[in-house]
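Chemist: Per Swiss-Prot, NAD(+) binding site is recorded for Y130, Q188, N211, and the stated evidence type is sequence analysis. The substrate binding site annotation in Swiss-Prot covers S237, Q259, H262, H327, D360, E414, H419. What Swiss-Prot lists as Zn(2+) binding site is Q259, H262, D360, H419. The active site, proton acceptor annotation in Swiss-Prot covers E326, H327 and is backed by sequence analysis.
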Amino acid sequence: MSFNTIIDWNSCTAKQQRQLLMRPAISASESITRTVNDILDSVKARGDDALREYSAKFDKTTVTALKVSAEEIAAASERLSDELKQAMAVAVKNIETFHTAQKLPPVDVETQPGVRCQQVTRPVASVGLYIPGGSAPLFSTVLMLATPARIAGCKKVVLCSPPPIADEILYAAQLCGVQDVFNVGGAQAIAALAFGTESVPKVDKIFGPGNAFVTEAKRQVSQRLDGAAIDMPAGPSEVLVIADSGATPDFVASDLLSQAEHGPDSQVILLTPDADMAHQVAEAVERQLAELPRAETARQALNASRLIVTKDLAQCVEISNQYGPEHLIIQTRNARELVDGITSAGSVFLGDWSPESAGDYASGTNHVLPTYGYTATCSSLGLADFQKRMTVQELSKVGFSALASTIETLAAAERLTAHKNAVTLRVNALKEQA
């Protein structure tokens, strides 16, 4: 089915509708799983020596110093244009503003007289950021990860990226307060962050995107007792656009293509109650596709993508919630009015002037988002991901005395005698003091 095929949702059977919303299959092959497991074990056992061997094998690079020096970072900064530095500064300012606003006030309540309960937040002590390499370095992800880590107060923030690390990544790391940067990529970088080596410190939590090997490595270390937590499950990038007859076809097409160019496994979907809009968007996609350097990648992604005509906007919202897109763009006359009906989406973009690119780079929201349907249970990355909540309780003698019989009754019902005794002993002590 080509992207030019216009699908009438209400002419499809329930089975066909489910198939239309299926994502491209993702699963790590047995060979990837085994290879990653071997890499993790090797790095854990052999440390820096294993990292250097894997860099030579996979990155075809001889790494003398794993840690990037301050001089190298300063030189990278000198090579960047002032225009790019200024653009990064604007983006960081907006990201700071939005994520600082996410700070939660402490909870401090008396649930009953003499029983005080609190909830306080503490930063995750150490975090590791993974940034992929390649021809198009994702320095914007450095901004999205390192900025909230700094605001949260994480004591140790380190970054790994495959050598040679792009100047943009090094400058972004410095700009956002990353303390150490390491010339390590792939699954071996995840292993180094999870277990620690002579050069790379072990961290409590790992953030960042990557290829199938990196994704599998993150999954595996998150399940090992001696490993590390991870940010969220990862999958191919995706966008769903809801548009009515008031939308601009060229705008819609550009948003669909900006997602499709990420990779051949990306998925884009258009939902519209207007068949003419669907046809106009399809034509605009073809026109714009011809001008893209990554046209072949985008075209492959479009093979698993959909143009769907619905009964009305309410049905568009219903289908979108069923799919739960990573990015949801609403280009309708009443875009803001539809938000209350949206229950599952990573990030929502309202109106003609809110392209996904704004959130990807500089509006202030985070571009690290749940994909592959995980929006049903996962949130977009935010300050809370770099923090942990801790509860505190304090009972006075009056509060304890009032609650004691309740606790004893509940503990006895669960046949946890020691729990009951911990209360009874204190009750008896109070009686003796009286």
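Every residue gets a Cβ built from N, Cα and C, even glycine.
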Chemist: Long-range same-chain neighbours of Y130 (NAD(+) binding site), Cβ under 8 Å, sequence gap at least 6?
Modeler: L159, C160, S161, A189, I190, L193, I206, F207, G208, P209, G210, V214
Chemist: Which Cβ among the binding-site residues (H262, H327, H419) has the fewest C-beta neighbours inside 10 Å?
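Modeler: Minimum Cβ neighbour count within 10 Å, taken over the binding-site residues H262, H327, H419, occurs at H419.
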Chemist: Including all protein chains shown, what's the count of other C-beta atoms within 10 A of the C-beta of S237 (substrate binding site)?
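Modeler: Looking across every protein chain shown, the total is 24.
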Chemist: Quick check: of the binding-site residues listed here (Q188, N211, H262, E414, H419), which one has the Cα closest to that of E326 (active site, proton acceptor)?
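Modeler: Closest recorded candidate to E326 (active site, proton acceptor) by Cα: H262.
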Chemist: For Y130 (NAD(+) binding site), what is the secondary structure by DSSP, using just helix, strand and coil?
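Modeler: The three-state answer is strand.
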Chemist: Helix, strand or coil for D360 (substrate binding site)? Use DSSP.
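Modeler: In the DSSP reduction, D360 (substrate binding site) maps to helix.
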Chemist: What does DSSP assign N211 (NAD(+) binding site), in three states?
Modeler: coil
Chemist: Just to verify a number: CA distance, E414 (substrate binding site) to N211 (NAD(+) binding site), in angstrom, no decimals.
Modeler: 48
